[in-house]
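Annotated features in Swiss-Prot:
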- 402-476: disulfide bond (DISULFID)
- 223-496: domain 'ZP' (DOMAIN)
- 68: N-linked glycosylation site (CARBOHYD)
- 237: N-linked glycosylation site (CARBOHYD)
- 337: O-linked glycosylation site (CARBOHYD)
- 477: N-linked glycosylation site (CARBOHYD)
- 535: N-linked glycosylation site (CARBOHYD)
- 546-566: transmembrane segment (TRANSMEM)
């Protein structure tokens with residue numbers, strides 16, 4: 001304990017004698033809260049400055065970087081706004097009990113022992129260094145002496161290390177975009193002038209030095225006052241499309257005092273006590289929590305044939321926490337956003353489609369007018385099965401069986417398996433290739449699509465063993481599953497080691513779809529007649545060939561009759 005007073009002297013002295021010229025140490029505004037079991041310290045860096053690092057000195061005067069250390073009772077975290085938040089237990093390795101009379105902790109007079117003073121004369125003290133850089137880029141440390149009174153359990157304090165704020169819990173200042181986007185004529189004052197920028201920012205408001213004005217930004221600004229009131233300012237531009245401010249109200253408030261105390265074209269300001277307007281209260285640990293909720297109506301546009309809206313539900317929950325052992329100072333203020341509503345489900349038609357793409361990129365597809373599609377044997381055919389006219393990302397498509405038939409009837413006895421239980425049929429010497437689908441502009445929901453390619457084939461007459469010329473149709477049976485991407489909505493194909501049975505078992509819970517039209521499959525090789533046709537120098541008419549044959553027969557018969565007549569005369 002006796003080492004603490006010399007320590008307070010040596011820390012600033014070591015900074016002063018480090019160089020010939022003392023650097024200009026930047027001053028970081030900070031907020032200290034003294035709780036029952038610990039102290040909380042928040043550092044707010046200046047705009048454009050890097051997040052500062054915190055160091056601390058132990059009883060021997062050795063510096064340590066502050067970090068999360070449950071053994072030493074320190075916790076450090078960074079808020080989304082860039083502030084550094086320190087929480088240190090009064091039993092921390094770096095917190096000491098300081099006992100003094102009327103002198104400040106910088107004098108050389110030894111402190112009075114704790115046994116000789118009242119609790120009001122003793123404090124918990126923690127020395128924190130805030131590391132930063134000065135204008136010349138040199139590394140400097142700003143020392144903060146955090147002092148909390150060793151109060152009886154029925155007291156709690158909030159004290160400030162910067163000029164006296166207008167409230168006890170410092171809020172994050174809005175970013176520049178939220179401030180600059182408010183036109184001068186729409187600015188709603190947050191505090192009266194004159195006011196410093198630091199005090200204005202602690203209110204969570206915007207500051208303009210040229211007019212010394214403090215005003216609300218295009219967001220929700222909520223505060224808890226010392227006398228037990230909510231102060232909530234809501235900008236119409238907090239949502240897109242903008243809010244209907246004239247419909248904004250407290251969800252459970254019916255009295256006149258629950259209406260906005262000030263409303264403009266761009267802002268609505270609510271100010272009401274905790275014991276009214278349907279505010280709920282409960283106690284958790286040593287804190288009392290007060291909570292209320294704001295709601296707004298949707299902007300509905302109507303014309304003679306119907307109504308539309310582009311708004312979602314707006315609900316804003318605001319909460320304030322106070323120490324149950326104190327009736328003066330708020331501990332924290334929180335604004336909660338309502339989670340998005342659950343997806344609405346209803347019965348309705350579900351459209352499935354089987355299409356054939358013109359190339360492997362699936363950039364275009366054959367339409368009704370393009371059928372029948374003519375393909376040569378062993379040409380690839382790119383097939384796609386998809387869910388149509390749905391936007392639910394939780395839906396998935398399962399492809400069970402796909403097969404081909406020589407006619408429109410999907411139940412034809414003559415058929416060839418393409419996919420069996422969602423996997424390529426291994427009995428084919430040209431196996432079907434499954435094609436993965438990635439998210440893209442034309443496929444925003446990849447789980448809606450299944451793609452595969454097959455090689456063109458021709459059905460063969462079982463008895464005569466010749467290829468059947470005629471149309472070939474494709475068919476698939478599919479099912480819809482939820483949620484997409486889970487094991488119940490995915491088929492894994494094993495490594496094929498033996499010939500798979502080709503029987504297709506159609507599930508009763510699946511739907512069957514077919515291609516929009518047939519395919520005409522042609523032989524890629526030429527027969528003898530085609531070769532003769534190709535090698536001829538001129539086209540050969542079949543009727544001319546018939547006449548030539550008939551003439552030859554007649555000439556041969558005439559010659560034969562003449563030969564027999566001459567022989568008879570002899």
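Glycine is treated like the rest: Cβ placed from N, Cα and C.
Given the structure is predicted, the values throughout are model-derived calculations rather than measurements.
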Overall pLDDT of the domain 'ZP' (223-496), taken as the mean:
80
Could you say whether, by DSSP, residue 476 (disulfide bond) belongs to a helix, a strand or a coil region?
strand
To the nearest whole angstrom, what is the C-alpha distance linking residue 402 (disulfide bond) and residue 477 (N-linked glycosylation site)?
7
Compared by Cα position, which of the recorded positions 237, 476, 477 is the closest one to residue 68 (N-linked glycosylation site)?
237
Of 68, 237, the glycosylation sites given in the record, which has the fewest other CB atoms within 10 A of its CB?
68
Does DSSP give residue 402 (disulfide bond) helix, strand or coil?
strand
Can you grab the distance from residue 477 (N-linked glycosylation site) over to residue 237 (N-linked glycosylation site)? Cα atoms, rounded to a whole Å.
50
